[in-house]
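Chemist: The alpha-L-arabinofuranose binding site feature in Swiss-Prot is assigned to Glu47, Asn194, Tyr261, Glu317, Gln366; the stated evidence is similarity to another entry. What Swiss-Prot records for Glu195 is active site, proton donor/acceptor, and it gives similarity to another entry as the kind of evidence. As annotated by Swiss-Prot, active site, nucleophile applies to Glu317. Summarising the annotation, Swiss-Prot assigns site 'Important for substrate recognition' to Trp321, Gln366 and lists similarity to another entry as the type of evidence.
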Amino acid sequence: MKAKLLVSTAFLAASVSLSAQKSATITVHADQGKEIIPKEIYGQFAEHLGSCIYGGLWVGENSDIPNIKGYRTDVFNALKDLSVPVLRWPGGCFADEYHWMDGIGPKENRPKMVNNNWGGTIEDNSFGTHEFLNLCEMLGCEPYVSGNVGSGTVEELAKWVEYMTSDGDSPMANLRRKNGRDKAWKLKYLGVGNESWGCGGSMRPEYYADLYRRYSTYCRNYDGNRLFKIASGASDYDYKWTDVLMNRVGHRMDGLSLHYYTVTGWSGSKGSATQFNKDDYYWTMGKCLEVEDVLKKHCTIMDKYDKDKKIALLLDEWGTWWDEEPGTIKGHLYQQNTLRDAFVASLSLDVFHKYTDRLKMANIAQIVNVLQSMILTKDKEMVLTPTYYVFKMYKVHQDATYLPIDLTCEKMSVRDNRTVPMVSATASKNKDGVIHISLSNVDADEAQEITINLGDTKAKKAIGEILTASKLTDYNSFEKPNIVKPAPFKEVKINKGTMKVKLPAKSIVTLELQ
């Protein structure tokens, strides 16, 4: 016998098989919260790549696409709703070929360049330092600037820092004033190179460690601005890189980056973003969850040199990486975004919350039109992705206190000797004492009856939202933009400190206890 739970949103229905319903138990330790979930865990990343900047964030003041000082109005408003905490720019691989002085001054005088990393397209530099930092001010987010170590000089990076942050009577501050900005910007996060083991210079960690020490020496703090200097860190399983940097750079850096992509491999096809089967889906869940083991191992190395955890770990590139959509430009990394990607987002964020004693920032790749993006655009049209909605549902956890949980559920063995729990969860308490719980039912076919022990919590009811779809392969298109969209969720009851949640198959829910 089957019953259907209808969720009130267009194109959204989840069939719940009551006879085959599975169960899971969770205990929320509401009295044991210690670590704050930094809002920067919900960071974004924008690179000069494909249509991320041009046509995505920026169309220029003279465009017939509605804009605010050149920034797309629809995209800007969607990002404001997301409460973006930090935005990384200009790359990525582009950062180590970017020469910042080409992107200042009158736009008609800015030289063009070939974007050799990403499709060989022409970069006109109309979006530069002023455009980026002004956007961050308008969004109310922290800028994170990645400096050029691969092909740039120490002097070039030093002058860029002075240009952005000095309020004195200095050459670069006066040049900034000449270009229309009197007051210096506040810049906290400065990356000293990017992927220096690869596109950022193909360096050995020992060599890069010396370069970091040299370049960072001349990145000075001007007029009360305090830089948080970030060294270029490892790619996923390269634990030697982290060991060498911690040993040879140590507390000369404030943070060390790490990159981890949910990708099938770096040669040949990476698979379609929209055409996949359940085996592919479960493999993806296993691969994305492997980030926990990667984080543990890098953190253990860092603990060896920094027991007090003064040096932050920053996962400043993460997310899914599929083949480009058919008919799009090779090298522009434009991919669709399905319910599968939404689960990669929710499961990854659940993991990140557990390691915030060391992990202080994460930046999903990328914000618009590239890889696992929040937003897709085409000419005047815009669509919000399933990943966008996960970030919006989860933003209640920003700067909240992480609450430890115990979770018991069924697990599945998947390809490549990985094991995937069928339920993922995270919980937090905000500054007003309100508890939020996010739940993911990874099972593609069967519902979960989840019993949550709330302890001494006085909650009497819960309200929430659910994100699901008819199929794992469902996505939002320009023709049908609301296929995967949150809807109110009411399948929850609380009685004497115990909460019962009926979680449909392949669904993500965030609850607020009241």
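Backbone N, Cα and C atoms are what each Cβ position is placed from, and that goes for glycine too.
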Chemist: Please find, for Glu47, Asn194, Tyr261, Glu317, Gln366 as listed binding alpha-L-arabinofuranose, the greatest distance between any two Cα atoms, in Å.
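Modeler: The widest Cα-Cα gap among those binding residues is 16 Å.
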Chemist: Any idea what the Cα distance is from Glu317 (alpha-L-arabinofuranose binding site) over to Glu195 (active site, proton donor/acceptor), rounded to a whole Å?
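Modeler: Rounded to the nearest whole number, the Cα-Cα distance is 10 Å.
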Chemist: Other than Glu47, Asn194, Tyr261, Glu317, Gln366, which residues of the same chain sit close to alpha-L-arabinofuranose? List them in sequence order, counting a residue when its Cβ is within 8 Å of the Cβ centroid of the site.
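Modeler: Sorted by sequence, the hits are Phe45, Arg88, Gly91, Gly92, Cys93, His259, Asp316, Asn363, Ala365, Leu371.
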Chemist: Let me spell it out: for each of the recorded positions (Glu47, Glu195), count the other Cβ atoms within 10 Å of that residue's Cβ, using every protein chain shown. Which one has the most?
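Modeler: Sorting the candidates by Cβ neighbours within 10 Å, the top entry is Glu47.
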Chemist: To the nearest Å, how far is the Cα of Gln366 (alpha-L-arabinofuranose binding site) from the Cα of Glu195 (active site, proton donor/acceptor)?
Modeler: 16
Chemist: Relative to the Cβ of Asn194 (alpha-L-arabinofuranose binding site), which residues of the same chain, six or more apart in sequence, are found under 8 Å away?
Modeler: Gly91, Gly92, Cys93, Ala95, Asp96, Ser146, Val149, Gly150, Gly200, Ser232, Ser257
Chemist: Sorted by position, what residues of the same chain at least six away from Trp321 (site 'Important for substrate recognition') have a C-beta under 8 A from it?
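Modeler: Set apart from Trp321 (site 'Important for substrate recognition') by at least 6 residues yet with Cβ under 8 Å, we have Tyr261, Thr262, Val263, Lys270, Leu333, Gln335, Ala365, Leu371, Gln372.
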Chemist: Distance between Glu47 (alpha-L-arabinofuranose binding site) and the residue listed as 'active site, proton donor/acceptor' at the Cα atoms, whole Å?
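Modeler: Checking the Cα atoms of Glu47 (alpha-L-arabinofuranose binding site) and the residue listed as 'active site, proton donor/acceptor' gives a distance of 14 Å.
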